[in-house]
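J.: Pasting a structure below so you can have a look.
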Amino acid sequence: MLISGSGSNLQALLDACADPAYGAQVVAVGADRKGIAGLDRADAAGVPTFVHKVKDHAERADWDRALTASVAEYKPDLVISAGFLKLVGDDFLTSFGDRYINTHNALLPAFPGIHGPRDALEYGVKVAGATLFFVDGGVDTGPIIGQVVVPVEDDDTEETLTERIKEVERRQLVEWVGRLVRNGWTITGRKVRTK
């Protein structure tokens with residue numbers, strides 16, 4: 001897993017992995033910064049961690065290669081971006097693009113980018129939600145794995161809508177990671193299917 005913050009999605013997956021029937025395990029946690037709560041959660045669970053800060057590398061491509069090498073050491077079936085605030089580069093996508101997943105707090109392809117709930121509210125939609133997808137070279141443009149709808153309330157603010165989306169986003173991530181690891185998947189064009 002790749003994280004940048006508190007690791008609440010990491011904790012949800014660690015909790016799910018405690019049940020052998022879930023079928024998945026977190027093999028390592030990587031971060032783009034030190035001293036974050038998510039790394040503490042991983043340490044407490046006995047999961048290996050590594051940190052690669054962009055500023056510690058002369059070029060962004062060097063950071064991408066270092067991140068790619070560290071992830072590859074653990075031979076993951078899936079690589080999960082769980083609040084990871086950095087865009088990976090070509091080396092990473094070449095190595096993991098068919099198994100690198102991310103969550104987004106909007107119903108893609110609508111409202112890509114970092115302000116999904118705000119943009120949804122400004123547009124006046126009646127439903128918002130969360131999307132789980134395989135990452136490609138675009139911004140929130142990869143093949144969609146799953147989506148969950150959240151009704152927009154008349155008195156919603158960006159904060160209240162974001163919090164409701166986070167709840168379903170976390171459940172969706174846990175459900176689909178287990179399903180993908182247990183059953184496998186195929187990607188044909190833009191369609192993702194479990195086996």
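Note that Cβ sites are derived from N, Cα and C of the backbone, with glycine treated the same way.
The active site, proton donor annotation in TrEMBL covers H104. The N(1)-(5-phospho-beta-D-ribosyl)glycinamide binding site annotation in TrEMBL covers G7, S8, N9. Feature annotation from TrEMBL assigns (6R)-10-formyltetrahydrofolate binding site to R60, L85, K86, L87, V88, N102. Residues or ranges marked as domain 'Formyl transferase N-terminal' by TrEMBL: 2-175. The site 'Raises pKa of active site His' annotation in TrEMBL covers D140.
Looking at the shown structure, can you explain where the listed features end up?
T.: In the three-state DSSP reading, H104 (active site, proton donor) counts as strand. Spatially close to H104 (active site, proton donor) yet at least six residues away along the chain are P112, G116, A130, T131, L132, F133, D140, judged by Cβ distances under 8 angstroms.
For N9 (N(1)-(5-phospho-beta-D-ribosyl)glycinamide binding site), the number of other Cβ atoms no farther than 10 Å from its own Cβ, over all displayed protein chains, is 23. Secondary structure at N9 (N(1)-(5-phospho-beta-D-ribosyl)glycinamide binding site), as computed by DSSP, is helix.
A coil conformation is recorded for V88 ((6R)-10-formyltetrahydrofolate binding site) in the three-state DSSP classification, outside any helix or strand. V88 ((6R)-10-formyltetrahydrofolate binding site) is surrounded by 24 other CB atoms, counting those within 10 A of its CB over all protein chains shown.
DSSP assigns D140 (site 'Raises pKa of active site His') to coil in the three-state reduction, outside any helix or strand.
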J.: Looking only at DSSP and grouping its letters into three states, which state does R60 ((6R)-10-formyltetrahydrofolate binding site) belong to?
T.: helix
J.: In sequence order, which residues at least six apart in the same chain have a CB under 8 Å from the CB of G7 (N(1)-(5-phospho-beta-D-ribosyl)glycinamide binding site)?
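T.: For G7 (N(1)-(5-phospho-beta-D-ribosyl)glycinamide binding site), the qualifying residues are V29, I36, A37, G38, L39, D40, R41, A42, A82, G83.
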J.: Output the one of R60, K86 that, of all these binding-site residues, has the highest number of other Cβ atoms within 10 Å of its Cβ.
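T.: Highest number of other Cβ atoms within 10 Å: K86.
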